[in-house]
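For reference, the structure discussed in these notes is given below.
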Amino acid sequence: MIFSILEHILTHISFSVVSIVLIIYFLTLLVNLDEIIGFFNSSDKGIIITFFGITGLLLTRWIFSGHFPLSNLYESLIFLSWAFSIIHMVSYFNKKQQNHLNAITAPSAIFIQGFATSGLLNKMPQSAILVPALQSQWLMMHVSMMILGYGALLCGSLLSIALLVITFRKVGPTFWKKNIKKNVLLNELFSFDVLYYINERNSILLQQNINFSFSRNYYRYQLIQQLDYWSFRIISLGFIFLTVGILSGAVWANETWGSYWNWDPKETWAFITWTIFAIYLHIKTNRNVRGINSAIVASIGFLLIWICYFGVNLLGIGLHSYGSFTSN
């Protein structure tokens, strides 16, 4: 009873704090509040509080159930939210790049934890005895590596999607185009002295507009480079986690079912996801290929991760069906 109450309190604390963090962060985007009362630092500290809250929640379920809390979809979602909070803390200690990652980790954490605690998962929030297939020492190794891999790959893929949005956004002032048309009309209406004054004024405005354009494009270029840099680093880390998770799962499957690979739906989609991100890393090693191509591949990988993670849970079939929406 005590563990259940403690778990309930920690769940609501972590969800409430991450909700406040998200509101604060979007307020700092709309209004420069961080210079007034330091709201942005408060949001970073809020994520740290969320991290310890989710950690306490996982430890409570571990002690209460007697097994590592990764036996169903609810627990895996909480663990995934915990993984996003870890990524956020890494960005917190790296002050130069924290803003870009915060825009990804905070909304992701609140969305995942909100879905996990929304009541859509039937009886999954209640701890239960492990099914025989999960009673193995490989549970912690395999599932934790897969979830950490999902978290890192999702974060890196979202950065790639942001890169694509910024890249394909139409940028470039049309001031000089309008200015040319205006000068043609003025030449027909005014004398030389008046035109000289107007042209001088327009030249100053045009130069200011060009300087602003160069400044904006330079910032845009720097932002694209940073997004590409961090996307590659985080996806590389997630790819390592995913590889270790798949290999440990193969060893576990051989011990349980006598075969390393059974082409289960979850296994098949995990292999497809692994292949897509292997292609992404291969593209990144080729300097002749533009970064936008790798970002497109990472965006495809983002969709595949959700298919792999939720696809089997929606269908409720295969060797991994014990974590489905319909299981009790």
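Keep in mind that glycine also has a Cβ here, set from the backbone N, Cα and C atoms.
Fair warning: this is a prediction, and the values are worked out from it, not measured in the lab.
Features of the protein shown, as given by Swiss-Prot:
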TRANSMEM  13-33  transmembrane segment
TRANSMEM  46-66  transmembrane segment
TRANSMEM  73-93  transmembrane segment
TRANSMEM  101-121  transmembrane segment
TRANSMEM  146-166  transmembrane segment
TRANSMEM  234-254  transmembrane segment
TRANSMEM  263-283  transmembrane segment
TRANSMEM  295-315  transmembrane segment
Task = Between the transmembrane segment (263-283) and the stretches 73-93, 146-166, 234-254, 295-315, work out which stretch tops the count of Cβ pairs under 8 Å.
result = 295-315
Ask   = In the same chain, who gets a Cβ under 8 Å from the transmembrane segment (146-166) while lying at least 6 residues past its ends?
value = 70, 76, 79-80, 83-84, 86-87, 100-101, 103-105, 108, 220, 223-224, 227-228, 230-235, 237-246, 249, 270, 273, 277, 291-292, 294-296, 298-299, 301-302, 305, 309
Remark   = Per the Cβ filter (under 8 Å) with a sequence gap of at least 6 from its ends, the transmembrane segment (295-315) is approached by 73, 150, 153-154, 156-158, 160-161, 163-164, 167, 228, 231, 235, 264-266, 269-270, 272-273, 276-277, 279-280, 283, 321, 323-325
